[in-house]
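Feature annotations, courtesy of TrEMBL:
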TRANSMEM  131-151  transmembrane segment
TRANSMEM  188-208  transmembrane segment
TRANSMEM  220-237  transmembrane segment
TRANSMEM  286-305  transmembrane segment
DOMAIN    311-383  domain 'DUF1736'
TRANSMEM  337-358  transmembrane segment
TRANSMEM  370-388  transmembrane segment
TRANSMEM  400-420  transmembrane segment
TRANSMEM  429-446  transmembrane segment
TRANSMEM  458-476  transmembrane segment
REPEAT    499-532  repeat 'TPR'
REPEAT    533-566  repeat 'TPR'
REPEAT    601-634  repeat 'TPR'
REPEAT    703-736  repeat 'TPR'
Amino acid sequence: QICNQHNAEAPNLEQEFHRMAQTEPSLDHDISWFVLPSYWAKTVVALISFLCFANSYDGDFVFDDSEAIINNKDLRAETPLGDLWYHDFWGSKLSSNTSHKSYRPLTVLTFRINYLFAGGFYPVGFHVVNITLHCAISVLMVDVFSILLGGLQFSSKGRRLNLAPKTSLLAALLFAVHPVHTECVAGIVGRADLLCALFFLLSFLGYCKAFRENKEGHNFSIFWVLVSVILGAVAMLCKEQGITILGLNAVFDALVINKLNVLELVQKLLHKDKALENAGLLRKGLLFRITLLMSGGASILYIRWKIMGTGPPAFTEVDNPASFADSLFVRAINYNYYYSLNAWLLLCPWWLCFDWSMGCIPLIKSASDWRIIALAALWFCLIGLISQALCSEDSHKRRILTLGLGFLIIPFLPASNLFFRVGFVIAERVIYLPSIGYCILFTYGFSVLSKQAKKKKILAVAALGILLINFMRCALRSSEWRSEEQLFRSALSVCPLNAKVHYNVGKNLADKGNQSAAIKYYREAVRLNPKYVHAMNNLGNILKERNELQEAEELLSLAVQIQPDFAAAWMNLGIVQNSLRRFEEAEQSYWTAIKHRKKYPDCYYNLGRLYADLNRHIDALNAWRNATVLKPEHSLAWNNMIILLDNTGNLAQAEAVGREALELIPNDHSLMFSLANVLGKSQKYKESEALFLKAIKANPNAASYHGNLAVLYHRWGNLDLAKKHYEVSLKLDPMAPGTKENYNLLRRKLEQKKGG
C-alpha cells in the first residue's frame, strides 16, 4: 500500500509515474473472466453494443423527435448556420420566454448534416449515426475503465498499459448492454447524450495523456490539459452535462496522479497542519492544473451564460411537481426519492418508460409514506460506500470507490434539481454518463466477491447471465422504440397513472383515424389530470368532428379558462362556436387566439371562413391574405380566395390570385382545378383544359375534376370528350351534384344531332 508519506519522500517523480500502479493489488487477480488482447476486447465490445441496438436502425421518428427534428427549422438549408448558435435544441430563440434554454448547437448541427445527406427526413440515417456513436463510446470505455480500475501507468516508450484487462472488459460490456441506454440510442433525440458522452470520454483520455513522460522530462503536458478543457467545452455544446468532466478530471488528478487521501487531507486542514505540501496538494502541479480546469470551466460557463441570457427556462408543475411544492420537506423528500428511483433503474432496468411525469410518480407528502424506505436504502448504501471511500486503509479500494462515486454522482448533478429546476421527474437519458460510475462499482463488487468465493466460475457464469439478460432487455426495448404506437403502449403497464402516456396513445390512435379508441384514452388522460389542457383540446377537436358540439365547447372553454394564453384551444373554440352559429363569440375567440399567437395562419384561415359565412367578403379576403402572408404554402386559404372571387364575379382578380398561388405552390392540384374553373368562365379554354388535365394527372380519382372538365368541353363544343369525362365522373361518384343532369343534357343534344 502506498501512503502519502511514501509519496512525499519519493526522490524521482518521473520514476514514480511509471510505478504508480505496480505496488497496488490488481482487481484482475482474483476474478475468473476472459483475458483478451486490447484489439479483440474492443472488437467484442463494439460487436455486442451494435447487436444490442441494431433492430432500431429502421425505426420511425418517435416522441420528441418530431419537435427536435421534423419541426425544427434549424435543420433546413434556408436557415443560416449562424442561427444555430442563438437557438435552443428545439429551434426556438434562446431569448424567447418559451425557450427551454437547452443549448446544444453541435448536436443540432449533426442533425442538419444527417438531413442534408439523406435529402430529407428519412430516419434510417439518423438511427445509424446513433448506433455508431454508442458503439464508439463503448469501445472507448475499455480504455477508460482500464484507467479507472487499474490505474494510470505508461511504459518506458510512453505507451499506456492496461493493468486491468479482465475487469475493464467486464465493465465495458456491462456499459454496452445496459438497457437504460436504449432511450439515448434508439431515440434520435438521445444523440445529445451520445455526443456529450463521446467528447466527455475524449476529454478524460486527453487529460490522462498529460501525464505521459515526454522528451523534456516534464511531469505533465499543459497542452493536453488545455485540450481536455476544450473537449469538455465541446461536450457541453452537445449537452449541458458535458461540463462536469472538468470536475471529474480534477478528482482523478487528486486521487490517481497525486494519490491524495481525502480524509487525511481534511484532518490536516482542520488542524491547520503546515505540512500540506506533504499531503500532496502542491506536489506535481496539482494546484496549477486544478486552476487551469476551474478557469476553463468558469470561462465556458460565462460564455454560455452570455449567449443564453439570464432568464431561467419556463417549466410547468406537471413537468416536475416536486419542484413546485411549497414545503421544503416535501421537495427534499421527493428529490431524494427520485434519486433512489434513478439508482434502481441502474440496478434493475426492467421498468422503463419514455416519460415519467404527470402523475407517474405521485408525490410523497408525509413521513408515513412507505416509499420512504427507498430513500433510507439509498442513503444507507451511499453512506456505506462513502465511508469506505474515505476511511478504508486500502488506498486501492479508496481510489476505486471514490472514482466510482464521482462518476456516478457528478455527471448527475445538473439533473438533480439542486442548482436549478429541471423539466422532468426522471429521464433515462440523463443516466447515460452516471452509468459509468455504476459499472465501476458493480465491477469492483464482483472482484471483491470473487476474491472471497471458493467457486469463482459460478460468479463468472452469474455475471454472464446478467449481461445476457441485459442484452435481451436492450433488444426488446429497442424494438419498442421503433414506432410511437409500441413505445406509448409499452408505458401503459409501467406508468398507468401517467396522463401523458394515455394522451400520447390517444393521439397516435387519432392520427391513424381510430377516433373512438382515441376518445377513450383522451378521457382517461383528463380524468388523471383534470388540468391537462392539451388532452382537452384534442378531445374537443374529435368531438367537434363527430358533431358532438356541446361537450366539445365545454372542454375547450375549460381549457382556455385553465390556460388563458392557449391559442390553439381558443381557435378550436371559435370553430365550435361558428358551427353552433354563435358568430360574434366565434369571432372574439379567433381574435383572442391571434392575440396570444401573432403569427397564426390557420386561425386567420378560419376567421376568413367565418366572415365568408357572414357575407363579409372583404374581411374574408383580408383574413385569407393574412394567412398566405404568414404561410405562403397555405393552399386552403389561396383556394378560398379564388373561389370567393370567382363566385362574386371578380374573374380577373380570381385569375391573378390563382396564378400567384400556383407560382408559390406549383404542384397543388386543387389550385390548378380552381384556376382552371376561372379560366373556363373567362373563355380561355385551351389554358383551362391544360390545367384540368394536369390536375387530373395529379389526382385521377377526383370526380369533380372530370365533371368540370366535361363542362368545359361541353361549353367549348368538344361533345365527345365531354361525354367521356362525364362518364368517368359518374363512375367515380354516381351522386356527383349536377353531373348527371349535365350528362343527360349532353346525351339529348347528341341524339338530336344524330337525328338531324
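Including glycine, each Cβ sits where the backbone N, Cα and C put it.
On the 0 to 100 pLDDT scale, the repeat 'TPR' (703-736) averages 88 in this prediction. Counting same-chain residues at least six beyond the ends of the transmembrane segment (131-151), those with a Cβ under 8 angstroms from any Cβ of the stretch are 20-21, 24, 26-28, 38, 41-42, 45-46, 48-50, 53-54, 56-57, 160, 162-165, 167-169, 171-172, 175-176, 181, 184-185, 191, 194-195, 197-198, 201-202, 204-205, 208, 256, 399-400, 403-404, 407, 436, 439-440, 443-444. Same-chain neighbours of the transmembrane segment (458-476): 31-33, 48, 51-53, 55, 170, 173-174, 177-179, 181-182, 349-350, 446, 449-450, counting only residues six or more beyond its ends whose CB sits under 8 Å from a CB of the stretch. Tertiary proximity for the repeat 'TPR' (533-566) is limited to same-chain residues at least six positions away from its ends with a CB under 8 Å from its CB atoms, namely 499, 502-503, 506-507, 510, 515, 518-519, 522-523, 525-526, 572-573, 575-577, 579-580, 592, 596.
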